[in-house]
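Below is one structure; the comments refer to it alone.
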Amino acid sequence: MRRPLVIGNWKMNGRSASVARLLNDILAGIGDCKAEVGVCVPFVYIPQASEILKGTKVMLGAQNVADHNSGAFTGEISAGMLREFGCEIVIVGHSERRLLYGESNELVASRYEQAIQGHLKPILCVGETLEQREHGRTLAVIGAQIDTVFEFAGVQSLEHAVIAYEPVWAVGTGHSATTGQAQEVHYHIRSLIGRWNPEVAQAVQIIYGGSVKPENAAELFAMPDIDGGLIGGASLDARAFLSICHSVSV
Ligand SMILES: O=C[C@H](O)COP(=O)(O)O
């Protein structure tokens with residue numbers, strides 16, 4: 001039985017005061033939430049968030065991780081550094097990194113591997129652009145994104161990872177994939193993994209991201225292969241985020 005998982009991705013938002021407010025509001029409302037819950041905050045707020053979240057059931061995460069463990073890599077942050085400040089999870093391969101900053105499948109796979117080696121749980125984001133979907137390439141694009149990770153880190157590494165399906169056309173647009181569209185891709189991803197290792201395929205959490213809101217969360221999370229969500233905009237509002245967290249079906 002897979003436990004539902006809801007992760008907030010704050011992206012490049014917040015200031016110290018709002019970080020404290022948002023985290024304290026989430027902690028005040030999380031109650032007996034049935035989902036595993038985490039937040040991925042901007043790097044500089046990780047020490048502050050770590051203090052606030054220490055000893056609570058909300059996991060702390062980062063939004064990227066270096067593809068090396070130390071050395072002359074200006075501007076990068078290693079898995080070991082993130083662990084030292086209490087991070088348990090890290091997003092890798094978000095579509096904003098792939099598209100705006102040119103991160104290739106190979107670079108994403110190296111970041112993923114570093115996360116695994118550094119005992120951080122990577123949330124591997126995969127997804128197609130609108131153009132790729134319209135050309136019928138959705139499953140091929142996602143297959144290539146996942147295969148590259150298998151080549152670098154092996155399918156067994158998914159025992160310590162999460163996959164997030166985020167169709168690029170649904171990210172930040174207000175237009176979520178339909179439950180049918182999302183379920184179809186989630187099922188495909190699980191089948192793809194199943195060809196390598198059926199047990200891992202059944203165990204791995206595959207979450208959906210792209211305009212998840214309180215209004216559509218329960219319907220999406222009720223689909224058999226959707227194990228929760230990676231929440232962008234709505235994770236910046238404690239009430240909306242908590243409502244999504246409490247929408248999980250168990
Ligand atoms: O990481 C989160 C996704 O990019 C989804 O963002 P969104 O909920 O604002 O569409």
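In case you wondered, yes, glycine gets a Cβ from its N, Cα and C as well.
Remember, TrEMBL labels are computer predictions, not curated facts.
Because the structure is a prediction, the values reported are computed rather than measured.
For ASN9, TRP10, LYS11, GLY172, SER211, GLY232, GLY233, the entry in TrEMBL reads substrate binding site. Annotation for LYS11 (substrate binding site): spatial neighbours PRO42, GLN63, GLU96, GLY232, criterion Cβ-Cβ under 8 Å with sequence separation of six or more.
The Cβ of HIS94 (active site, electrophile) has ASN9, GLN63, ASN64, CYS125, GLU166 as same-chain neighbours under 8 Å, each 6 or more residues away in sequence. Mapped onto three states, the DSSP output places HIS94 (active site, electrophile) in coil. Taken from TrEMBL, the feature active site, electrophile applies to HIS94.
Taken from TrEMBL, the feature active site, proton acceptor applies to GLU166.
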Cβ neighbours within the same chain of GLY233 (substrate binding site) - under 8 Å, at least six residues apart: GLY172, SER211
For GLY232 (substrate binding site), the three-state class that DSSP assigns: coil
DSSP three-state assignment for ASN9 (substrate binding site): strand
Most Cβ neighbours inside 10 Å, all chains, among the binding-site residues GLY172, GLY232: GLY232
Entries of ASN9, TRP10, LYS11 (binding-site residues) sitting next to ligand 1, with Cβ under 6 Å as the cut-off: ASN9
Among ASN9, SER211, the most crowded of the binding-site residues [Cβ within 10 Å]: ASN9
